[in-house]
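Asker: One structure coming up, written as structure tokens, with questions to follow.
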Amino acid sequence: MNENKMLGLAWISPYIIGLLVFTAFPFVSSFFLSFTEYDLMNPPVFTGIENYRYMLTEDSLFWKSMGVTFAYVFLTIPLKLAFALGIAFVLNFKLRGIGFFRTAYYIPSILGSSVAIAVLWRALFAIDGLLNSFIGVFGLDPVNWLGEPSLALMSVTLLRVWQFGSAMVIFLAALQNVPQSQYEAAMIDGASKWQMFTKVTVPLITPVIFFNFIMQTTQAFQEFTAPYIITGGGPTHYTYLFSLYIYDTAFKYFEMGYGAALAWVLFLVVAVFASIAFKSSKYWVFYSADKGGKNG
């Protein structure tokens, strides 16, 4: 091996070592632990598929948390992508001071996942918080946003939707790359503004819509910080996302084997969801305007 190859290997070796130690090893070991009973204090005891059998047939909290997670995903993703695309469309116009607004709308995506913002969000929606103080000005009674089962999940969802900045920036880049000639041709054909948006803009940015959909959905399935800080999974598990269940099982009750099994189920759910999305993409994602809507 020559000197250049040795030097290159030396430069990338910290990354490779980190990948193996902190990603590959935990990933593989968690798979084997999912077939054991393990509590950190005693050696793992192999139990076969018992963890998975109990999970699917006897664990009511598994189904409850999975249902809450799907509800959370189906609430946040359409709202977040719609807001991101709508704001990106507005910010795509060349207006004075538009750079300020682009930055202002992006900032929440940087701060939104932090513990500090989750604490502020909890204070905002508290029974004696700013939101209830505001509606009290109009003579309305305070609302228990975080203690009412029908409102708690929506309150947590709004924080996720508020973090649309990263998806917005990606949409904005896609909108700026739509060829102007496509709009000119549509105008010659007498298309309205709405028709140009639905028939020209949206089809040409479907690859970016698909990318944002996959990324945001994957992140939503793994959401942890907001519900953990804001509601702790309550009231009565109405915001108890699957990631909270994994955390409590593994690090609160120290059932590491069962926690690993839960984590692998979440991994499989996300993988199946992504596979379905990729399979369906051939029907609505247009990678080239010259190919009649077929994938390139």
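Using N, Cα and C of the backbone, Cβ positions are placed for all residues, glycine too.
Among the features that TrEMBL reports, transmembrane segment is placed at 12-35, 70-93, 105-131, 151-175, 196-214, 226-247, 259-278. Among the features that TrEMBL reports, domain 'ABC transmembrane type-1' is placed at 66-277.
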Asker: Counting a contact as 3 or more Cβ pairs under 8 Å, with residues at least 6 apart in sequence, do the transmembrane segment (196-214) and the transmembrane segment (151-175) touch?
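Answerer: Since 3 or more Cβ pairs under 8 Å link them, the transmembrane segment (196-214) and the transmembrane segment (151-175) do come into contact.
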Asker: Go through the chain and flag residues at least 6 beyond the ends of the transmembrane segment (12-35) whose CB is under 8 A from any CB in it; none is fine as an answer.
Answerer: 44, 46-49, 51-52, 256-257, 260-261, 263-264
